[in-house]
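Features as listed in Swiss-Prot:
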BINDING   R77, R102, D128, P129, M130, L131, A132, T133, G134, G135, T136, D197  5-phospho-alpha-D-ribose 1-diphosphate binding site
BINDING   I191, G196, D197, I198  uracil binding site
Amino acid sequence: MIVELSHPLIKHKVNTARIQDTSAEKLRKTLKELGFMLVYEALKDILLEEKEVRTWIGNKRFNYLNEEEIVFVPILRAGLSFLEGALQVVPNAKVGFLGIKRNEETLESHIYYSRLPELKGKIVVILDPMLATGGTLEVALREILKHSPLKVKSVHAIAAPEGLKRIEEKFKEVEIFVGNVDERLNDKGYIIPGLGDIGDRLYAVSVY
C-alpha cells in the first residue's frame, strides 16, 4: 500500500528541503519535523490496549498505546534525521539500525551494519528520507522480514515512481508513506527533482 500524504505543511517542508542553499542546521530541523509528521500519519491505524489507571475519581480503564510494540529502524546516515522526530511521537519505542550502501555504478545495495532489537510480533517503521530505485528499501525489508514482525511500514519525504513500483510489486504487505512522489529517476538513479545528496547535505560533507 502506498500513501502519498496531502497535508500542506508536509508539502511545504519537503519543498523547503529542496532549496539548495538551505543550511545543514535548518535542513536537519526540517527533516526532524518531517519525521514527526510522517510517523504520526503512518501510525493512524495502530490499535490501543485497555489499561486500568488511577484518576482523581478512582481507578478507571482507558485505551493506551503499547509503545514497546513499535520499533523504529533508521537507514544510516540520512534516516537518522527522522529519528528524533519519530521518538517525539513514540518516546519509548525501541530503535534498531541498518547501514546500507548503494554501489553508484551497479545501483545495487548491500548491508554493512545491522543492529536490530527483537522484531517478532512488533510494528516496524523504517525511516529513510528518500526512496529512489527501491534497492536500499528492498534490502532493508528482506532483512527485517526474516524476523517475523507483525507489520512493516516505511516513511519517506520523497519517492520516485520507479522505486515505489518495485517495492509494491515485491512487498504487497508493506505500507509506504511518502510526503511527495517526484517525477522520475535520472540515468544515475537519482530522484528528479529530488533533494540532492541528502546525507551529505544534512551533515555538511560537501556542496553539490
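First residue shown is number 1, and so on along the chain.
Every residue, even glycine, has its Cβ placed from backbone N, Cα and C.
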Does D128 (5-phospho-alpha-D-ribose 1-diphosphate binding site) have same-chain partners at least 6 apart in sequence with Cβ under 8 Å from its own Cβ, and which are they?
P74, I75, A78, G79, F82, T136, L137, A140, S154, V155, H156
For T136 (5-phospho-alpha-D-ribose 1-diphosphate binding site), which of the three DSSP-derived states applies: helix, strand, or coil?
helix
Could you state the whole-number distance in Å separating the C-alpha atoms of M130 (5-phospho-alpha-D-ribose 1-diphosphate binding site) and I198 (uracil binding site)?
8
Candidates R77, A132, G134, namely the binding-site residues, that fall within 10 Å of I198 (uracil binding site) by Cα distance:
R77
Taking 10 A as the limit, how many CB atoms besides its own sit near the CB of D197 (uracil binding site)?
15
Name the residue among the binding-site residues M130, A132, I191, I198 whose Cβ has the smallest number of other Cβ atoms within 10 Å.
I198
Can you check what DSSP calls I198 (uracil binding site), collapsed to helix, strand or coil?
helix
Candidates I191, G196, D197, namely the binding-site residues, that fall within 10 Å of A132 (5-phospho-alpha-D-ribose 1-diphosphate binding site) by Cα distance:
I191
Within 10 Å of the Cβ of T136 (5-phospho-alpha-D-ribose 1-diphosphate binding site), how many other Cβ atoms are there?
26
Close in space, distant in sequence - G134 (5-phospho-alpha-D-ribose 1-diphosphate binding site), Cβ under 8 Å, 6 or more apart:
E162, G163, L164, K165, R166, I167
Recorded 5-phospho-alpha-D-ribose 1-diphosphate site residues R77, R102, D128, P129, M130, L131, A132, T133, G134, G135, T136, D197, farthest C-alpha pair in Å:
17
Whole-number Å distance between the CA of R77 (5-phospho-alpha-D-ribose 1-diphosphate binding site) and the CA of D197 (uracil binding site)?
11
Around G196 (uracil binding site), how many other C-beta atoms are within 10 angstroms of its C-beta?
16
